Amino acid sequence: MAAKVADDVANLKLDDSNTKPASGAAENGDKPTGDAEHDDSDDDNEAEDGAPEAGEGAAKKKKKRKPRKKKKAAGAAGAGGAKVQTAPPRVRIDEVFPNDSYPEGEIQEYVNENAYRTTNEEKRHLDRMNNDFLTEYRKGAEIHREVRQWAQKWIKPGMGLTEIAEGIEDSVRALTGHQGLGNGDAQIAGMGFPTGLSINHCAAHYTPNAGNKMVVNYEDVMKVDFGVHINGRIVDSAFTLTFDPVYDNLINACKAATNAGIKEAGIDVRMSDIGAAIQEVMESYEVEIKGEMLPVKCIRNLNGHSIGHYTIHGGKTVPIVKGGDQTKMEEGETFAIETFGSTGKGYVRDDMETSHYAMKADAPKVALRVSSAKTLLSSITKNFGTLPFCRRYLDRMGHDKYLLGLNNLVSAGIVEAYPPLCDIKGSYTAQSEHTFVLRPTCKEVLSRGDDY
């Protein structure tokens, strides 16, 4: 289009050559839009000074062909460009980033024997071929960042856990553009797993069921753990929220330990080495609560994990204490390193009412005698597949009186139940988690943000 406008202006200059020389900009082929208004103002002056009739005609002709349409088109393009996110987040992320060009995560170079990967041409070629799945991961990571950064400002003491969980989940669904109510819609994009809101001695896997009246108080330590997925690429990240600065050292211990684990991670690195690095950092911290100095302990039976396609726990575990697993990380794998610190025993057990569930990828085919179990299994398969879900999600989809059928699926080994995991009462636990991918040339910490 720009070329066409330039030709029109050049023709006008030739027509007007008897009254005024063509501008140097037009002769040199510069963009006409920058000089269009200047040329028209010159023509107006000539008309006022009694320029010949031919000159007036040329001036009028030029004014008629003034490239207003181009300006209008530019304005329309601006109106249809990137939008600004709202609070609470409700603008689809592909409207904030209309070209599907999402921010890259934090890049960490490989070290020691893997340092050559940064400059190796073959590895760089492989890296360039991975853009499709990385775009999906980065999209999910950006949604996670925008939702959690809003949530950290929004959550206040006295708010109910149900309100908090639904606020986060509604925001994720709005940004993905998938409400998860139609068959299969939740498997296209949306929640990677239910929002965990585990308070104080409860370390993980707690989300409110229907009718829950719990609130978060000023003196509480709440772990906020939620996932976002795009076409089964799950971004898993968690932070600990407090209102009382007395717990800062507990939170800082987990953040530092998670960063140490990510730094140690890499292709061909043994899981046990990562666990040792995490424990060394975590247990170097202490926290003073109510006048008592307490050591921060790793919760030794909680781990990080690999992430598979539509599978939050991909088969490999990343310990947060030394010893144990000698399995190595491999190129192309995605991991969530999550660390848990505790002022209690540093060991969790199943406790409280179960809310988290997931269908097993290798679920056995067994005869179900409870009719509600058959109906529920069909719905779970269509709507969640192997993605974790909670009872609130079943309520939201219109299921009722499903608990007998759900328990039947659990006892049959088709669905796995994930009860809350708790340390001793009176203790405080914290969590920090990031998702990263082992690219051929570097580690990309997908979920890294300005907040953590």
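Our numbering is plain: 1 for the first residue shown, then up by one each step along the chain.
Heads up, the Cβ atoms here are built off N, Cα and C, so glycines get one too.
Among the candidates HIS205, HIS305, HIS399, the one that Swiss-Prot lists alongside ASP236, GLU338, GLU433 as binding divalent metal cation 2 is HIS305. Of the residues proposed, ASP225, ASP248, ASP423, the one Swiss-Prot records at the same divalent metal cation 1 site as ASP236, GLU433 is ASP225. Within 10 Å of HIS305 (divalent metal cation 2 binding site), counting C-alpha to C-alpha distances, fall the following of the binding-site residues HIS205, ASP225, HIS313: HIS313. Proximity to HIS205 (substrate binding site), defined by a C-alpha to C-alpha distance within 10 angstroms, is shown by the following binding-site residues from ASP225, ASP236, GLU338, GLU433: ASP225. The divalent metal cation 2 site, placed at the center of the C-beta atoms of ASP236, HIS305, GLU338, GLU433, has further neighbours from the same chain whose C-beta lies within 8 angstroms: ASP225, SER237, ALA238, GLY304, ILE307, PHE335, ALA336, ILE337, HIS434, THR435. Of all the binding-site residues listed here (ASP225, ASP236, HIS313, GLU433), GLU433 has the Cα closest to the Cα of GLU338 (divalent metal cation 2 binding site).
When the Cα atoms are compared, HIS313 (substrate binding site) and ASP236 (divalent metal cation 1 binding site) turn out to be 10 Å apart.
Ranking the binding-site residues HIS205, HIS305 by the number of CB atoms within 10 A of their own CB puts HIS205 at the top.
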